[in-house]
């Protein structure tokens with residue numbers, strides 16, 4: 001099929017890909033290390049082969065959904081956002097930023113509700 005001049009290098013024939021940026025090493029996956037696939041335009045924001053934690057949706061989006069039941073998770077994820085947790089995995093940035101927005105909206109809503117309750121209590125019970 002191939003002539004002698006079109007012979008593949010030995011490393012490629014053995015299953016190791018050369019200079020492609022792809023990890024074919026199963027040991028990397030078992031150790032929990034990221035296997036980065038290099039992006040030509042932006043190598044620092046490469047695609048990661050390892051799935052995100054929390055059922056694959058990431059800590060940020062998972063905290064956003066669970067925050068509907070317990071809003072303290074929004075503040076925890078906001079803390080992670082401000083501590084730049086997303087530098088470990090850039091895919092986490094959007095979810096953590098969404099939690100920061102949700103925490104801000106929740107804080108404003110609690111302050112407004114507290115002011116309204118205070119005004120109602122002062123109007124109904126004058127001293």
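Glycine is treated like the rest: Cβ placed from N, Cα and C.
TrEMBL: automatically predicted annotations, no manual curation.
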_Stretch carrying transmembrane segment according to TrEMBL (options 58-76, 77-95)_ = 58-76
*State the residues, same chain only, that lie 6 or more residues beyond the ends of the transmembrane segment (96-120) and have a CB under 8 A from a CB inside it; answer 'none' if no residue qualifies.*
59-61, 63-64, 67, 71, 73-75, 77-78, 80-82, 85-86
